[in-house]
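Worksheet: one structure, shown below.
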Amino acid sequence: MQCVETNNLKQLLEQVKPYTKKGKLATYIPELGNANPDDLGIAIYHKETEYVHAGSSQMLFTLQSISKVITLALALLDRGEEYVFSKVGMEPTGDPFNSIIKLETTSPSKPLNPMINAGALAITSMLKGANNEEKIERILNFVREITDNPTIHYSAKVATSELETAYLNRSLCYYMKQNGIIDNDIEELMDLYTRQCAIEVNCIDLARIGLIFAMDGYDPYKQKQIIPKHITKICKTFMVTCGMYNESGEFAIRVGIPAKSGVAGGIFGCVKGEMGIGIFGPALDENGNSIAGFKILELLSAQEGWSIF
């Protein structure tokens with residue numbers, strides 16, 4: 001499969017740029033409300049020809065919910081499938097990503113999947129480490145290895161902004177603690193989770209994450225298996241069924257690749273055995289996905305025949 005050319009990417013960005021006017025920033029996290037809604041960037045990392053990029057592709061933004069894929073992989077490495085899925089389910093939910101409804105109405109009471117906030121918080125609570133500093137360093141080092149970027153760090157400003165306003169996430173934690181899903185100190189867990197979500201990347205970093213998952217955990221440039229194949233399979237399956245919030249079904253039909261979005265405007269996707277895609281567009285649709293990012297992936301998938309279906 002040929003890699004998309006830079007000029008083609010530039011043309012596609014111009015084509016979808018008007019969609020940014022239809023979206024809104026994630027202002028409920030104060031720091032994210034400072035983004036420029038007109039920013040739009042993309043990078044594609046191919047297994048053989050490195051990467052092409054266009055637009056705001058080197059601008060830093062925070063992973064937010066994209067980090068859920070990273071911590072799921074780490075938790076599976078740390079604890080194994082049996083333990084992880086005794087605490088968190090495998091099913092999609094039709095509710096918003098920060099909803100408490102299914103925790104109250106499902107028996108046994110456990111988060112339906114690792115891509116909603118309740119599930120992601122439970123996953124983060126499973127990570128091994130003596131304290132939060134050790135745990136966040138493990139997460140950062142994992143991201144650094146996948147991206148081949150040793151400078152990756154988190155934004156303390158964004159993490160603090162999230163920590164100060166994360167009332168609903170705290171309530172999810174207390175409810176799960178009541179039901180034996182987590183046993184961590186809630187404020188310590190919230191501190192780690194907000195730092196995890198505030199890890200900063202650009203489109204090129206994100207595309208390289210996509211490439212590693214596209215290659216079943218293998219880094220074709222380092223010629224090294226970074227993540228076990230069976231773990232990437234689990235992660236990619238959740239990306240298909242739950243990765244794009246309440247738009248996951250429509251995304252599967254219109255784009256048809258494993259992908260995960262975050263409310264800072266990032267989306268990463270993977271084309272099996274070929275390439276990873278990283279997108280940044282902070283103007284979001286009503287489901288919390290980059291509105292222009294969704295559209296450019298739809299156009300690229302139709303043009304290049306990416307859909308797995």
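Indices start at 1 and increase along the chain as displayed.
Placed from the backbone N, Cα and C atoms, the Cβ positions cover glycine too.
What you are looking at is a predicted structure, and each value in this text was computed from that prediction instead of being measured.
Per Swiss-Prot, the features are as follows:
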| type | residues | note |
| --- | --- | --- |
| BINDING | Ser65, Asn117, Glu162, Asn169, Tyr193, Tyr245, Val263 | substrate binding site |
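Annotation note: Asn117 (substrate binding site) sits in a helical segment as assigned by DSSP. Sequence-distant neighbours of Glu162 (substrate binding site): residues of the same chain at least 6 apart with a C-beta under 8 Å from its C-beta are Ile29, Glu31, Thr194, Cys197, Ala198. Summarising the environment of Asn117 (substrate binding site), the number of other Cβ atoms within 10 Å of its Cβ, over all protein chains shown, is 22.
Counted within 10 Å of its Cβ, the other Cβ atoms near Tyr245 (substrate binding site) come to 24, all protein chains included.
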